[in-house]
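In what follows, a single structure is set out as structure tokens and then discussed.
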Amino acid sequence: MSRYLRPPNTSLFVRNVADDTRSEDLRREFGRYGPIVDVYVPLDFYTRRPRGFAYVQFEDVRDAEDALHNLDRKWICGRQIEIQFAQGDRKTPNQMKAKEGRNVYSSSRYDDYDRYRRSRSRSYERRRSRSRSFDYNYRRSYSPRNSRPTGRPRRSRSHSDNDRFKHRNRSFSRSKSNSRSRSKSQPKKEMKAKSRSRSASHTKTRGTSKTDSKTHYKSGSRYEKESRKKEPPRSKSQSRSQSRSRSKSRSRSWTSPKSSGH
């Protein structure tokens with residue numbers, strides 16, 4: 001009894017057959033182990049090229065077993081073939097055509113779906129990259145840096161520096177608004193106190209001006225006295241002549257209105 005299970009038929013299924021392998025080549029190799037009924041190499045219905053496998057049918061099952069035992073994993077026509085017993089009867093050309101059509105339809109449908117999926121993913125990636133580039137360009141064109149007048153190149157600030165700058169501006173504006181509100185909300189008492197302090201300072205300045213004028217007058221009188229002291233002493237004749245001239249001028253002034261009355 002053979003170590004292989006006896007199949008219902010005497011056909012061997014041969015895989016990994018070379019494309020240029022002919023039925024005569026397989027018949028020559030397998031015919032060494034017994035008489036062969038048929039050798040069938042299926043061809044593609046549309047391309048008319050070998051499909052990569054073949055069927056070899058023996059007359060006796062024992063010859064098929066010997067061929068399987070000796071030729072499995074052997075090199076034939078440049079390929080390492082694999083052999084096992086075929087399951088079921090040999091299919092007719094019409095059955096093979098229908099099977100090929102189903103496989104072609106399913107494969108083409110799968111390929112179409114795969115292409116559609118890939119194209120959608122690529123288009124989505126393109127849209128995403130375009131939207132990113134648009135957002136980047138929009139931010140660059142409408143950023144406050146570009147609104148400044150062109151001149152010397154400024155050093156680019158980082159995000160943290162910009163945040164600090166904004167925070168400083170906000171705090172400065174808040175302090176301004178608080179100072180304005182405080183100045184507006186000052187009570188009337190403070191205004192009165194300010195006016196009183198101003199009047200007091202004004203009176204002080206007046207007092208100081210009076211004292212300055214007095215001191216100036218005193219200093220002037222002292223200066224006159226000192227200048228008189230420094231003058232040389234006059235002679236008696238000069239003083240007498242001056243007194244006489246003064247008395248004459250006085251008498252003339254008194255006589256002038258009387259003469260006008262006459």
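Counting starts with 1 at the first residue shown.
Including glycine, each Cβ sits where the backbone N, Cα and C put it.
Per Swiss-Prot, the residue from the list S147, S160, S197, S253 bearing the note phosphoserine is S160. Of the candidates S158, S179, S209, S245, Swiss-Prot marks one as phosphoserine, and that one is S158. In summary, of the candidate residues S108, S195, the record from Swiss-Prot lists phosphoserine for S108, whereas the others have no such entry there. When S119, S129, S221 are looked up in Swiss-Prot, the one carrying the note phosphoserine is S129; the rest have no such note there, which does not rule it out for them. Candidates S11, S106 were compared with Swiss-Prot; the annotation phosphoserine appears at S106.
For S23 (phosphoserine), the same-chain residues lying six or more positions away in sequence with a CB closer than 8 A to its CB are V39, Y40, V41, A54.
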